[in-house]
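Shown next, in structure tokens, is the structure this report addresses.
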Amino acid sequence: MKILSAEQTRAADQATIQAANIRSDQLMERAATAFSEWLINHLSQNAASEVHLFCGPGNNGGDGLAVARQLHLSGYAVHVWLLPAATHSPDFIINRQRLPTAVPCVELVSKKFPTLAPRSIIVDALFGTGLSRPLEGLAAEVVQHLNSSETAVFAIDLPSGLFADAPQPPDSPVVRAQHTVGFELPKLAYLLPQNAQLVGTWEVLPIGLNKEFIHNAPVENYFVDTNFLVGRLPKRPKFAHKGTFGHALLLAGSFGKIGAAVLAARACLHGGVGLLTVRTPAVGYIILQTAVPEAMALTDPASDFITELPDLKSYAAVGIGPGLGQDPATVEVLRQLLQQAHEASLPLILDADALNLLGTHRELLDQLPPNTLLTPHPKEFERLTERAHNDYHRLELLRAFCRRHTCYCVLKGAYTALGTPEGLLYFNSTGNPGMGTGGSGDVLTGLLLALRADQRLSPLDAALLGIFAHGHAGDLAAQQTGEAGLIASDIVRFIGPALAGLER
Ligand SMILES: NC(=O)C1=CN([C@@H]2O[C@H](COP(=O)(O)OP(=O)(O)OC[C@H]3O[C@@H](n4cnc5c(N)ncnc54)[C@H](OP(=O)(O)O)[C@@H]3O)[C@@H](O)[C@H]2O)[C@@H](O)CC1
Ligand SMILES: Nc1ncnc2c1ncn2[C@@H]1O[C@H](COP(=O)(O)OP(=O)(O)O)[C@@H](O)[C@H]1O
Ligand SMILES: [K+]
């Protein structure tokens, strides 16, 4: 799915109105109906005594008024509270007129805000994508009042005060919603950690926005769901053999961290690689051969760290980093790997300590072969770049980093973001907080290595499929283990089922 800017969302509205030959108030009615149906469905499980709708002067307020009418006609006890304004949008005015007189509708007055009965709910329809500046004055007071009440808030399109695709100044008032319900496509604001307490859980409802407009809209951000990827993983041909799927080399582990190599190796095998060779320090030999008999062990002469780069000529892709440690000899291995992989156009994946080494030896960043895939968590990313002021800034750093180094970079977390050399960002939709557990990232590296070794996949598809399947495997595992009980090995067990759903 594409993520449109606030401006493009308005243009999509207009394109839909023209192409479908409908009036703008008819499109508003669609949006309001979708929201009302969602809310009624939601409330049937959590009975509410009263619904209080707080409506602003624009189309977000117009949506709120249409929802108020629909809920009233469905038998709900509804109260409308209007934010006074000098001007109102035409569709606000139409829906104000359509509001049945039986619905109490009152203008908000400073310091005389309504006290809400227990078990009532709030619908926040003050401001949506048309927010043009931070809230102040009466609007800010209303937001503070809503946030201080114990009542659950359901936001239409955006929690009021939050910009759809830009940061607001620190401490500017924003509604804290339990749920945010948007239309057709997700907004960038939904996906950022800094907005988690404001947006709450979210979903988007289809309202038939013009497909052609969306198809042609140039965007920098995508939201990757099942539909986006399904069919992108090639099936394994009948007469395929292990050579078809590539031979991967994994350099991982150090004394005390051979487990990281084991996890990445298992994930790589479950990711469908044809052959896997693992380079660990000598201390890892018996552990690896015992824990992962399917992998070949190519042990380093040194006991505790990797100190020598093996010959690379048989491999289709190389992954380096999980549990690697940061011994000076390992830096030289990384330096040689970057150089030789560049010469041989060998796909590379860099994770964990390989990234930390890049952070302390920044000159190596200029040696990254084109299309290298890096998988930092935010702290590792900071070591490669700089400290971000906020989540939007971090995403711009990611875009710039990928452009500058012609690389793919996976910024891990909830809604993991993949940056591409073109400066595009792809946000992943799968995964759960149970995956915040040691070794989850090693599993991702192994899986990505398998997909990069498969020559049938582009670098972009390999990365997107790997990130999505990793999160989905975590979700499948959590159904059995619960989130707290989830460990990285559980993710590995579900890689197969997660990939199967994506096959062509
Ligand atoms: N395609 C879709 O997704 C569809 C979207 N739809 C709905 O439309 C919504 C967008 O509506 P919208 O464009 O009218 O903007 P909205 O958010 O109501 O605010 C604009 C008003 O607020 C005012 N204002 C702004 N900032 C302010 C501030 N800080 N403090 C005070 N005032 C401020 C601004 O005035 P001005 O900036 O001109 O001074 C103007 O009066 C969208 O979120 C969704 O709910 C559906 O109906 C149909 C399909
Ligand atoms: N709250 C979350 N929601 C979704 N995915 C998560 C969440 N927390 C962690 N993950 C995923 O788990 C993995 C953790 O990686 P990382 O931090 O490198 O762990 P480790 O270093 O322990 O292996 C990443 O792929 C990340 O996207
Ligand atoms: K709103």
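Even glycines carry a Cβ here, placed using N, Cα and C.
Note: TrEMBL annotation is automatic and uncurated.
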Which of G439, G441, G446 belongs with K412, G413, A414, Y415, T416 in the AMP site listed by TrEMBL: G441
Listed in TrEMBL for the K(+) site shared with D124, S160, one of N60, N210, N216, N221: N60
Helix, strand or coil at T129 ((6S)-NADPHX binding site) [DSSP, three-state]: coil
For the binding-site residues H377, K412, the one whose C-beta sees the most other C-beta atoms within 10 angstroms: K412
The one of G62, G413, G441 whose CB sees the fewest other CB atoms within 10 Å, among these binding-site residues: G413
Among N59, N60, T129, S132, T416 [binding-site residues], residue with fewest other Cβ within 10 Å: S132
G62, H377, K412, A414, Y415, T416 screened against D124 (K(+) binding site), Cα within 10 Å - retained binding-site residues: none
N59 ((6S)-NADPHX binding site) versus binding-site residues S160, G413, Y415, G441 - nearest by Cα: S160
Candidate nearest D157 ((6S)-NADPHX binding site) in space, where candidates are the binding-site residues N60, G413, Y415, T416 and distance is Cα-Cα: N60
Sequence-distant neighbours of S160 (K(+) binding site) in its chain (C-beta under 8 A, six or more apart): F54, G56, N60, D124, L126, F127, G128, L131, L135, A139, V143, V174, V175
